[in-house]
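Engineer: Sharing a structure with you now.
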Amino acid sequence: MDNSHDSDSVFLYHIPCDNCGSSDGNSLFSDGHTFCYVCEKWTAGNEDTKERASKRKPSGGKPMTYNVWNFGESNGRYSALTARGISKETCQKAGYWIAKVDGVMYQVADYRDQNGNIVSQKVRDKDKNFKTTGSHKSDALFGKHLWNGGKKIVVTEGEIDMLTVMELQDCKYPVVSLGHGASAAKKTCAANYEYFDQFEQIILMFDMDEAGRKAVEEAAQVLPAGKVRVAVLPCKDANECHLNGHDREIMEQVWNAGPWIPDGVVSALSLRERIREHLSSEESVGLLFSGCTGINDKTLGARGGEVIMVTSGSGMGKSTFVRQQALQWGTAMGKKVGLAMLEESVEETAEDLIGLHNRVRLRQSDSLKREIIENGKFDQWFDELFGNDTFHLYDSFAEAETDRLLAKLAYMRSGLGCDVIILDHISIVVSASGESDERKMIDNLMTKLKGFAKSTGVVLVVICHLKNPDKGKAHEEGRPVSITDLRGSGALRQLSDTIIALERNQQGDMPNLVLVRILKCRFTGDTGIAGYMEYNKETGWLEPSSYSGEEESHSESTDWSNDTDF
């Protein structure tokens, strides 16, 4: 909780922060409370801090007073800052003077209210140690009293940079600096929202280091929308540019600084090269599906960054379909494929792939298993399919804790370079999580999967089950699949780019005929029946079918068959 703005207390001096370890980011206020501008931790005053505040004595320093330093009593004088390239006239205009107290020289910056009264000062010695006098509150801006509205105002981190910009503009145009530096830029700018809103443009000329760039992003978010410009300098800050002969570059930024654009928003005008590169990249060209050309006609394939949902009733051919696509993409197209088949062991997955590749149902034939081991074909088949290290499998049968699974999928993409990852199936991930709210769990998981696919450019194929209909025939008996039949959360259909449904009547007179229906395709907008495939019991493949009968004749067959082995 940030209470630093609500208190009438005044800032005393900087102290170390026990929470984040900053040596001087923490601030002690007159009522004893502290606030760290680095980690933003607010701590209420206790007896210890109240006692320190009452003494107002920073470590190694001299007792301070609530009163500002008097120009005459402090042997004050206005002087050019020759080492900084700043004239006496500029210092006098801004209220930046030299004091000599107890034989020690100080630079003093007067902070004034809009009536011109000095309310606080920032005092700096030759070793760059700072302290303040008076009521140095969170809205402190050096030079604020000089300007009231206009076309542009420049905001710098420190007083020296502010004086530099004033010098180059002959003290004619608005410029201020942050009273508490870059670490408090957001708080200072937020506290001065109405003041900054008087200007048409607000130019943030912060330091070019990491802290300065971070401060720009934080401050810009709390300033009037559409008015913020960001200066980019060739040196660390405005004064360093001035000392190195880059005055022209400073003024160029005053007049032509680019607008601040928040993360996530880009100008289309800036995308020419990115679009040119994308048009010729593999991500913009779809990976084609096998088994049914109509899928490609309606979807134009699967593109990088897309989530492809495959669904059907139980035992309808989902796993066979995705294994077939994996084999096609890995062998014919040379893509690297990751498979997380959570309902089977990696041995079973590999055996099915070997069988498909050689057009035999290897796992279902004990005699064939023995034969290829004895005659040496196993090694030949294995090397032909896996010798080029194209396929990578998730080796944790029935273990699908969400974060662990996502970490493994991320490794498949970033560490192994997989172009396609297949997840079979999403329901087992949800059931393994232990969450009581399945809908919420699917929402979170789909959001993470979508973000993963989009951010990495991988094609992510996910298998999803269907919910049981309330009445009427089951999906396993040829019931057409609707996009609302996906089991779980609406996120399944909302976050998927393409949804492919497989339909067949396991008990009909054509139990091996599979209707392919496109329920959604974000890329083309095309939906509907894509065609038919037929399961070949000899080869284990879903092959293109010339069947072109009406959908009703496919879905309403009433004969029964026991062949449900997919």
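Just so you know, glycine gets a Cβ as well, placed from its N, Cα and C.
Keep in mind that this is a model prediction, so the values were computed, not measured.
Look at Swiss-Prot and you will find Cys17, Cys20, Cys36, Cys39 tagged as Zn(2+) binding site, backed by experimental evidence. Residues or ranges marked as zinc finger by Swiss-Prot on the basis of experimental evidence: 17-39. Under the heading domain 'Toprim', Swiss-Prot lists 151-238, citing sequence analysis as support. Residues annotated as Mg(2+) 1 binding site in Swiss-Prot: Glu157, Asp207. What Swiss-Prot records for Asp237 is Mg(2+) 2 binding site, and it gives experimental evidence as the kind of evidence. Positions annotated as ATP binding site by Swiss-Prot, on the basis of sequence analysis: Ser312, Gly313, Ser314, Gly315, Met316, Gly317, Lys318, Ser319. If you look up Swiss-Prot, you'll see 543-566 marked as region 'Disordered'. Marked as region 'Binding to viral DNA polymerase' by Swiss-Prot on the basis of experimental evidence: 550-566.
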Engineer: To the nearest Å, how far is the Cα of Met316 (ATP binding site) from the Cα of Asp207 (Mg(2+) 1 binding site)?
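Structural biologist: For Met316 (ATP binding site) versus Asp207 (Mg(2+) 1 binding site), the Cα atoms are 63 Å apart.
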Engineer: If you count, for each of the binding-site residues Gly313, Gly315, Gly317, the other Cβ atoms lying within 10 Å of its Cβ, which residue has the minimum?
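Structural biologist: Fewest other Cβ atoms within 10 Å, among the binding-site residues Gly313, Gly315, Gly317, is found for Gly315.
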Engineer: What count of other C-beta atoms do you get within 10 angstroms of the C-beta of Ser312 (ATP binding site), across all chains shown?
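Structural biologist: A 10 Å sphere around the Cβ of Ser312 (ATP binding site) contains 27 other Cβ atoms.
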Engineer: I need the CA-to-CA distance for Cys36 (Zn(2+) binding site) versus Ser314 (ATP binding site), whole Å please.
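Structural biologist: Distance between the two Cα atoms comes out at 58 Å.
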Engineer: Looking at the zinc finger (17-39) alone, can you tell me the average pLDDT?
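Structural biologist: Within the zinc finger (17-39), the model's average pLDDT equals 71.
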Engineer: Counting across all protein chains shown, how many other Cβ atoms sit within 10 Å of the Cβ of Ser314 (ATP binding site)?
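Structural biologist: 14, counting other Cβ atoms within 10 Å of Ser314 (ATP binding site).
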Engineer: What does DSSP give as the helix, strand and coil breakdown of the domain 'Toprim' (151-238)?
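Structural biologist: The domain 'Toprim' (151-238) comes out at 36 helix, 20 strand, 32 coil.
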Engineer: Of the binding-site residues Cys17, Cys39, Glu157, Asp207, Asp237, which sits closest to Ser312 (ATP binding site) by Cα distance?
Structural biologist: Cys39
Engineer: Measuring Cα to Cα, how many angstrom lie between Gly315 (ATP binding site) and Cys39 (Zn(2+) binding site)?
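Structural biologist: Between the alpha carbons of Gly315 (ATP binding site) and Cys39 (Zn(2+) binding site) there are 55 Å.
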Engineer: Ten-angstrom check, please: count other Cβ atoms within 10 Å of the Cβ of Cys17 (Zn(2+) binding site), all chains counted.
Structural biologist: 21
Engineer: Do any of Cys17, Glu157, Asp207, Gly317, Ser319 (binding-site residues) have a CA within 10 A of the residue listed as 'Mg(2+) 2 binding site', and if so which?
Structural biologist: Glu157, Asp207
